[in-house]
Amino acid sequence: MGLTKQYLRYVASAVFGLIGSQKGNVVFVTLRGEKGRYVAVPACEHVFIWDLRKGEKILILQGLKQEVTCLCPSPDGLHLAVGYEDGSIRIFSLLSGEGNVTFNGHKAAITSLKYDQLGGRLASGSKDTDIIVWDVINESGLYRLKGHKDAITQALFLREKNLLVSSGKDTVVKWWDLDTQHCFKTMVGHRTEVWGLVLVSEEKRLITGAADSELRAWDIAYLQEIQDLEEPEPKKIKGSSPEVQDTHEAENGALEVDEAPEDRILTCRKAGSILREGRDRVVNLSTDKTGRMLACHGTDSVLEVFCILSREEIQKKMDKKMKKARKKARLNSGKGEEEDLEVSVEMTLQDEIQRVANIKTSAKIKSFDLILSPQGELKAVFLLQNNLVELYSLSPSAPAPQPVRTSRVTLGGHRSDVRTLSFSSDNIAVLSAAADSIKIWNRSTLQCIRTMTCEYALCSFFVPGDRQVVIGTKTGRLQLYDLASGTLLETVDAHDGALWSMSLSPDQRGFVTGGADKSVKFWDFELVKDENSTQKRLSVRQTRILQLDEDVLSVRYSPHQNLLAVSLLDCTVKIFYVDTLKFFLSLYGHKLPVICMDISYDGTLIATGSADRNVKIWGLDFGDCHKSLFAHDDSVMYLQFVPKSHLFFTAGKDRKIKQWDADNFEHIQTLEGHHQEIWCLAVSPNGDYVVSSSHDKSLRLWERTREPLILEEEREMQREAEYEESVAKEDQPAVPGETQGENYFTGKKTIETVKAAERIMEAVELYREESAKMKEHKAICKAAGKEVPLPTNPILMAYGNISPSAYVLEIFKGIKSSELEESLLVLPFSYVPDILKLFNEFIQLGSDVELLCRCLLFLLRIHFGQITSNQMLVPVIEKLKETTISKVSQVRDVIGFNLAGLNFLKRECEAKSEVMFFADATSHLEEKKRKRKKREKLILTLT
C-alpha cells in the first residue's frame, strides 16, 4: 500500500457569542446557597449558568450533540434535569457540573419536565405524546402514560395525592392515578390547544392557558373530602357538595368526559376565567415555588403578573364588600341604622386572583422564571428572543407596583445573526459583526474586548497593523473604526446598493469592494489631517471603478495582485487584469449564482461555492474546471482556503462545515455542531483556527490538532456511526401479549443497550465455556490421580481471579440502571435459563439482592410463557421462589431496623437540644445569631 497523504484533524474547541438559545426555558438555580442570583439557560447543546449580578458565565454543563429543549431544577437545588431534542434526559449535578444519569425513553423532543415535591420522581412529557415517570434515585423508568393525541405541554405532580395532571396540544387536560397508572378523567372544556397549566390555592384550583385571551380556572374537589364535610362553610366557593356540582356540570354542558362514576377520585368544574390583556396564545404560564404569584405571557414582550390571595385576604375583601353593599342598601332604602337589611355579596374569581402589574421587556419573551423572596419581593428572569437575559424586580405589596430592571446579560453576544467574521493578522483577535454591532473577541479567553455600534454589516476585514477595521454595510457604506478607542473614524458612501464583498490587496495598500449597484470599486488607504487632533488619521480614497452588467456578489484578488475575480448575479465568475481592468476569463458552469469564492495562495486555483450546492475547482491559467463537487445539501454560504495549502473549508445552510483537498478532490472531514444554517466562517492566518457563525446565534471555534487524519479510517468511522444510528432506529423487540407499535416499557433501544446485552451474552458464554473446562479438568485430575494445574482465563485474571459466575454478576452490576430493562429485553431467550440458575446462586449468597430481584422479575414478566412451559426450569423457579422471598424479607428487616434506629437518634437529638430537628433547626439558629449580635452591640454601646 502506498503512502497516504496525511491531514490534521480539526476539532470543536468552544461555543461563544451565545447567551441563551430559543428552544429551551430559563430557570433560577441555587448555587453556593444563594437564590435568585444564578440562572441556567439553554445554549444549543450545552447549558450555561450565568451570574446575573456580575453578568458572567460561571459554569457550563456540557451536552453531546442534541439541542436542549427543557430545563427543570430539582427541589433540593443540587441537580438540574435537562431534556434534549432527541428525547433523552440528563441529570446534572450543579456542584460538580457533571451529568451522571441519562434517561432514554422518548422518541421526540422533551417539552416538559417536572419533579415531584421530594425530588424522587421526574415526569417528562414529549412531542411523541407520551409521559414517562422516572425514578431519579434508582435511575430507572417507572412507567409510561399513553393517552394524549398530540405533544404534551405540561405535566404536574400533586403534592398530597399520588396523582398527575397533564395538558397537551390535543386540547385536553388529563388526570392520571399513579397507583394504577391510568387516566381516570379527561377534561374537554377547551376548544384550542392547552399551552400551560398550574395548580394554585393548596391544589384546590387549576388554571389553564389556551390559544385565546382567557385563563380558565377550574375548582377541584376531592371526593373523600366532600363526603367528610358535614356542612359547607358559609363563605366556601359556591357549590361544595357533590349534588350542586353535578347540577352545575349539567348546566355547563359537556365539560368533561368521565369514564365511570364509581372511579371518580375528584370532581373538576369551571369556576370562571380571567381575561389577559394579550390577544394571542399563552406561550408560558407558571407560578413561583410558593404558588402565590402567577404569571403568563403571549408571543409579545409583556408578562402579566397576578397574585393569588390567601383565604384571610379574601375574607377581608369580602367583609369590605359586604360593608359597602350594606351602606348602599341603607342609602337606597332610606331606612335608619337600626334596621338590619338582608344583603348578599357574590364572590367572583377576580376577588381571589388579583392583577398586580405588567412587566414590559426590551424584546419578545421566549421564557421566564419567578422567585418570591421572603421579604415579599418578586424577581422575574427572562430569556428573550434576541439572545438576551434580563432580570426585573417588583414588590407586589406596594400600592402601585412598578417593575424595575435590575440587571441584564448582554455583553456575551450579538442581538442578531453574525453575518461576517475575520481574524487579525496575529491570530489573536476575532471580529464578528451583525445587524447592529461589531464585537472584537480575544480568541484564547473568548472574552468580548470591544463592542461598537454599526449599521447592518455584510463584510469586514482588519486593516494591516490590526489597529483599525473596515466594515461593508447593507446600505452600501464603508465604515472605518479605530479599535483602541472603539470609535467610528469615518463613513463613506461607497455603493448605491448592498456592499456584498471586500478583498484586501496583497500589497496591503488598498482594497476592492463589490456591490449590488453593478460596480467594483478600488480604494487606497491614506493618512489625512484630523480636525480634532494634531495627529493624522487613517482614511480611504477611491481610485478606480469597474462597471459591470450584473450585481456583484463576491470579489477576490489573486495573491500576485495581477488578477481580480468577480462573481456576478448571472451565475458566472469573470476574471479581469488588475492593471488594465481588461477581461481575461469567464468561469461558466454553475446553475445558480456564486455566493462565495477564494483563490489559493499560489494563484493557480480558484474554488467557487454556489447556491446550487456545488463547489467547482478551476485552474486560473486557462479557466478550465478541474472538478465539480456536490458539497452540501443546501446553498454553500462561505468558502476559504487554508493559508499555504490547497485545502479549503466550505460552510453551508445544511449546518455543516466541510474541509476539502483541491488537489485530490477529496472530502477530508465534516465539522458538525451548529443547529441552524451557517452564514460565514473565517480561517486564521496560520491555519490553526476556524471560527464560524450561524442562525442559532452561536459562534464556534474549531482548532487544528496534531492528530493525523487518515481518510480510510474516517470513512470507516462514518459508516460505524451510521450503523449505530440505524440500530437505534430498528423496531423495538416484540414482547408477547403486547400489540405491535405499543411500548409500555419506559426505555428505548439505543446502541448502549445493545452493547450491554452483548456484554451479558459474552459473560454467559464465558461462564458456559469455563464450566465445561472445569468438568473436563476434574475428569483429567481423576484419571491422572493428582491435581493438574488449571489454565486461568485472562479476562477473569483481569478482574482479580474471580469465578466465572462472579464475573457474570460483575457485568450485571456494570450496566447503567437506566439501561438495565432495555438490555434484558434485547437478550435472546437461550441465555435466560443459565441466567436464572446463576441468579439462584447469587441470591442464596445474599449479594445484590435488590438488583437481582429487579432483573429476575423483569425476565419473568417478558418471558413468562416460555419459562412456565419449560419443564427444565420448574425446579429452578421453585428454588428461586423460596430464596427470593426469604432474602427480600431479610433486606426489608435490615432497612426497617435502620429506619427505626435513625428515628430514635432524631428523637434523642431533639430531646437533648430541645430544638425541633431538621424542620426548625435553621430558624432557631438564625434567632440565636440575631440575639448574640444584639447583645454584642449592647456591650459595645455600654463600653
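Note that Cβ sites are derived from N, Cα and C of the backbone, with glycine treated the same way.
All annotation found in TrEMBL is predicted automatically rather than curated by experts.
Fair warning: this is a prediction, and the values are worked out from it, not measured in the lab.
Annotated range for region 'Disordered' in TrEMBL, selecting from 231-257, 393-419: 231-257.
Sequence-distant contacts of the repeat 'WD' (587-628) (same chain, six or more residues past either end, CB-CB distance under 8 Å): 553-554, 556-560, 562-563, 565, 567-575, 634-641, 643-646, 648, 650, 652, 660, 662, 665. Sequence-distant neighbours of the repeat 'WD' (671-703) (same chain, 6+ residues past either end, Cβ-Cβ under 8 Å): 10-19, 21, 43-45, 65, 67, 387, 413-414, 417-423, 425-427, 430, 432, 441, 443, 446, 634, 637-638, 640-645, 649, 651-659. Tertiary neighbourhood of the repeat 'WD' (492-526): same-chain residues 458-461, 463-464, 470, 472-478, 480, 538-561, 564, 566-567, selected by CB-CB distance under 8 Å and a gap of 6+ residues from either end. Within the chain, the repeat 'WD' (411-451) has long-range Cβ neighbours (under 8 A, six or more residues past its boundaries) at 14, 16-19, 55, 57, 363, 386-388, 457-462, 464, 466, 469, 471, 481, 483, 486, 679-686, 688-689, 691-695, 697, 699, 701. Mapped onto DSSP classes, the repeat 'WD' (587-628) shows 0 helix, 23 strand, 19 coil. Outside the repeat 'WD' (187-228) by six or more residues, the chain places 150, 153-154, 156, 158-161, 165, 167-175, 237, 239-242, 245, 252, 254-257, 264-287, 291, 294, 296, 308, 349, 352-353 with a CB less than 8 A from a CB of the stretch.
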